[in-house]
Amino acid sequence: MSSTTAGSVAPPRVETPFRRFASEFAESRLALFGLALFTLIALVAIFAPWIAPQNPYDLAQLDIMDGRLEPGSVGGADFTYWLGTDDQGRDMLSGIMYGLRISLLVGAGSAVIACLVGASLGMIAAYAGGRTDSLIMRLVDLQLSFPAILAALMILAFLGKGILNVVIALVVVEWAYYARTVRGSALVERRREYIEAAQCLALPTRRIIFRHLLPNCLPPLIVVATMQVARAIALEATLSFLGLGVPITEPSLGLLIANGYEYMLSGKYWISFYPGIALLVTIVSINLVGDQLRDVLNPRLKR
Amino acid sequence: MTVFLLRRLIQAAGVVLAMSLLVFLGVYAIGDPVEILISPEADQIERERAVKALGLDLPLWQQYLVFLGRALQGDLGRSFVFNEPALQLILQRMPATLELAFGATFVALLIGLPLGLYAGLRPKSPLSKGILAGSILGFSLPTFWVGLMLIMVFAVQLGWLPSTGRGETVEVLGMRWSFLTRDGLAHMVMPALNLSLFKISLVIRLTRAGVRETMLMDYVKFARAKGLSPSRVTFVHVFKNILIPVVTVVGLEFGGTIAFSVVTESVFAWPGMGKLIIDSINVLDRPVMVAYLMIIVLLFITINLVVDITYSVLDPRVRLEGKS
């Protein structure tokens, strides 16, 4: 080891499961690139209010005379709009940074809630078995037999627009994936010796489920969750584009793209083009990470 | 077999019933039914009379039975906007959506099969890697945005294709179709391509995986050993066998295509069912919403039922599993 040549006695590198996982993950350059890209996007989204050149919600900063300017043009007050402006004279770059915030918030938020709901139900189904199991799995089958876009559309048609409503719709659409994944791996893990041992120790059921069963079902759950975040972001964008998602006061990337739709036919491409690129890069970066996670965490591919 | 069929039918009926209850609750319990069913211009007396006539003074469970009874007779209410029976309105738009969905399926097979075949036969070539990377992009790209970009490039910049609408239609069997006229076909190219984007990726992946598996089979080796030409081995021995799973999955995806046409129809202003439902939601034309939802539920349950039955015919294990 190179660090020992420096003279000091370095502690031997213990191979923890996490380190092994990290080094396996890092084998794919593309996945590392995806992870770096996503980290960058997440940072931009989180710190948007501090790093965006303009606050697109602050009407005092907007100049309607600067509306629909081409990318790179200099508006009033010597402000350069690198990605152009929309019809209200909003800087597209700032709009995208703020839009990312909402897209990521909705995507990640719905994925976390759906994961909690779905994983709990899946765990209950696997552990309880019998009628409870078949009831929950029937619900899962029913949910999965309808395309996500339609189910979300139905729910939003009744609930109306709003960030919270979109999150609710996405949770309803997504929970079944988690439930099925967790049930599948929990059914396998349940028959292992360590669960039997825990049961022999007369540990409370709650403890067995959460401290013994759940941690061992995590790997496939993580993979599904990563992919579902990307799906949720894409679905939210689609719903917002259709005018059923987030309200106009809180524009996500999808709504920004929808705003540019009417100007597209007159050749003003940038209002829709750049938010779409941001959306695409976000989804691709998450999918790259997810693909590699699936390979690393798949027990069938263990070397 | 008969028992299995009956069980399945009863299950399907149960699901329809459950969904109708959900839709009913969605409309009647969450929103104010008076506002939904009675035109906003009605005055107080008219309103009360309508409440009585529609049975809105009855308890909720009785109302549901009334709703169910009417739905069974094909009466799902009248559209506020068009003042036509909602069901009829949707059925009028159905050919446009079906046409688009079939077009998309056709495009997906037309593009996906050759690319998947190539990628499967030459997995190491750079072009194959490019095809595979492209298929990942096809899964990641937001469909509606690609649609906008297609309009921008081919309609606005190049001016090759019309951007929106259905173009000229011809009436056949009492329904209007676009694909029979040149103008209609030109209008259909971009929406069909857009809708097929996801399916192209799917077909590429399935075909590629299928080819790589089939190439290792003994009968393919034997065909080669017999000295058959490579093209005969590829197209007769390999291609025929991979078609079965590909066609199955594409068939299963058909329902999803109809569902997703909501997005494509909105982008390209294609006057189908999907565009109608989005417009109806935006103006709160609730009878049309309810009718659309019920039709879609029915459609999907029918698709699932047909798939289940087909599987049980093809694979007896499915039937036996249900019995135990």
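Glycine too: its Cβ is placed from the backbone N, Cα and C atoms.
Keep in mind that TrEMBL annotations are predicted by a computer and have not been checked by a curator.
Residues or ranges marked as domain 'ABC transmembrane type-1' in TrEMBL: B:94-307.
Look at TrEMBL and you will find B:12-31 (among others) tagged as transmembrane segment.
The feature transmembrane segment is assigned by TrEMBL to B:100-119 (among others).
Taken from TrEMBL, the feature transmembrane segment covers B:131-156 (among others).
Remote same-chain partners of the transmembrane segment (B:185-207), defined as residues 6 or more beyond its termini with a Cβ less than 8 Å from a stretch Cβ, comprise 99-101, 103-109, 111-113, 115-117, 119-120, 131-132, 134-139, 141, 143, 146-147, 150-151, 154-155, 161-163, 165-167, 178-179, 242, 245-246, 249-250, 253, 257, 260-261, 264-265, 267-268, 270. The feature transmembrane segment is assigned by TrEMBL to B:185-207 (among others).
Taken from TrEMBL, the feature transmembrane segment applies to B:242-270 (among others).
Nonlocal intrachain contacts for the transmembrane segment (B:290-314), taken as residues 6+ away from its ends with a CB within less than 8 angstroms of a stretch CB, comprise 1, 4-5, 8-9, 12, 15-16, 19-20, 23, 27, 71, 76-77, 86-87, 89-90, 252, 254-255, 258-259, 273, 276-277, 280. Among the features that TrEMBL reports, transmembrane segment is placed at B:290-314 (among others).
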(request) State the non-local partners of the transmembrane segment (B:131-156) in its own chain: residues 6+ outside its ends, Cβ under 8 Å from one of its Cβ atoms. (result) 115-116, 118-119, 162-164, 190-191, 193-195, 197-198, 200-201, 204-205, 208, 260, 263-264, 266-268
